Amino acid sequence: MAESLLIKDIAIVTENEVIKNGYVGINDGKISTVSTERPKEPYSKEIQAPADSVLLPGMIDIHIHGGYGADTMDASFSTLDIMSSRLPEEGTTSFLATTITQEHGNISQALVNAREWKAAEESSLLGAELLGIHLEGPFVSPKRAGAQPKEWIRPSDVELFKKWQQEAGGLIKIVTLAPEEDQHFELIRHLKDESIIASMGHTDADSALLSDAAKAGASHMTHLYNAMSPFHHREPGVIGTALAHDGFVTELIADGIHSHPLAAKLAFLAKGSSKLILITDSMRAKGLKDGVYEFGGQSVTVRGRTALLSDGTLAGSILKMNEGARHMREFTNCSWTDIANITSENAAKQLGIFDRKGSVTVGKDADLVIVSSDCEVILTICRGNIAFISKEADQI
């Protein structure tokens, strides 16, 4: 059972304000107190916050293939063990394990593995929670494949999706697809009926088709700017529609590579902090040295902050969530409340779990992260358990 904790003298980023020199109490894995005054009840452990640190809701990464040597498509318990245990280092307290376009049997194995791991292993770990699965492909456009292997791309297939969702035990929460590959929007309509997010991505659709897809139930955009038709003033394409259409919540990889800092700022200005979600889209090389790694059956060369296929195509990222938050502070001068929105609250709302995650609120899961003024992670708490403490946090 998680111990009772008291975090004291810290700036607390709540839904509506930043409480200075506040207190957050944790009992039985839940937030029990958020106050400007010290609670009267005793706690088994007290955490004195470092000077100028900030308490945020735990970050939720809804689009992550892997990191630290692991990849969702490895379809092994050790893969999810690694992701769950290492993601708190970057402030992530929950995530969607993300697949890639592959041979159908390989996708099935990854889905079954996630279901079985969550049932058998997760409760014994003190790390990030697996909220479900983001199925990226294979129902995408070969014209905008990006790093999705073209040989396994196929048109949308509702029956195949139903099979996969059964194998996943209902864990598929987001499906990235191209609407032009979904005849009569059959899959989009099915996803809406099942309360699964239909995300437009790896698509060459025009604005009219996307607007029709939104009417059918599409509500999300996968990694804005990447693997999609570009903006033109006479045909806004996917980018223009994502920015201007109020019906779409939009993902963004804020690494300064997948999108220029000004493009990231434009996304923030257009969508505001209520309809933008930071993601990493990271692959297994995150946290490792430069070198050649496998991603979706392809060789990816990692140098510095970039991961590229042999033809120069970007192949996922090696971004960490706290780095994305820092970049957005730099690119947009946004507030800490904005950061809480785009790293946690919006994802929780989109997934329909805002009743238990996504904000520093009494009664919710104690998923919390303490960061420095430049978004370095100092301490991460997952469901009331201390999952990560930085080496520099000697005073805690």
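Each residue, glycine too, has its Cβ placed from N, Cα and C.
Feature annotations, courtesy of Swiss-Prot:
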ACT_SITE  D281  active site, proton donor
BINDING   H63, H65, E136, D281  Fe cation 1 binding site
BINDING   E136, H202, H223  Fe cation 2 binding site
BINDING   A147, Q148, N226, A227, R234, D255, G256, I257, H258, L314, A315, G316  substrate binding site
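Rounded to a whole number, the distance between the Cα atoms of N226 (substrate binding site) and E136 (Fe cation 1 binding site) is 13 Å. For A147 (substrate binding site), applying a Cβ distance below 8 Å and a minimum sequence separation of six or more within one chain yields I100, F295, G296, Q298, V300, L309, T313, L314, A315, G316. Here the Cα atom of R234 (substrate binding site) is found 21 Å from that of H202 (Fe cation 2 binding site). The Fe cation 2 site is defined by E136, H202, H223, and by the 8 Å test on Cβ atoms against their centroid, the other residues of the chain that qualify are H63, G137, V140, G146, Q148, T176, S199, G201, T222, N226, A227, D281. Note: the Cα of D281 (active site, proton donor) and the Cα of H63 (Fe cation 1 binding site) are spaced 5 Å from each other. Within the same chain, the residues at least 6 positions away from H202 (Fe cation 2 binding site) whose Cβ sits under 8 Å from its Cβ are E136, G137, V140, S141, R144, A145, G146, Q148, T176, A178, T222, A227, M228, listed in sequence order. Note: the Fe cation 1 site is recorded as H63, H65, E136, D281; in the same chain, I64, T98, I100, H134, T222, H223, I279, T280, S282, G316 also have Cβ atoms within 8 Å of that site's Cβ centroid. Secondary structure at H65 (Fe cation 1 binding site), as computed by DSSP, is coil.
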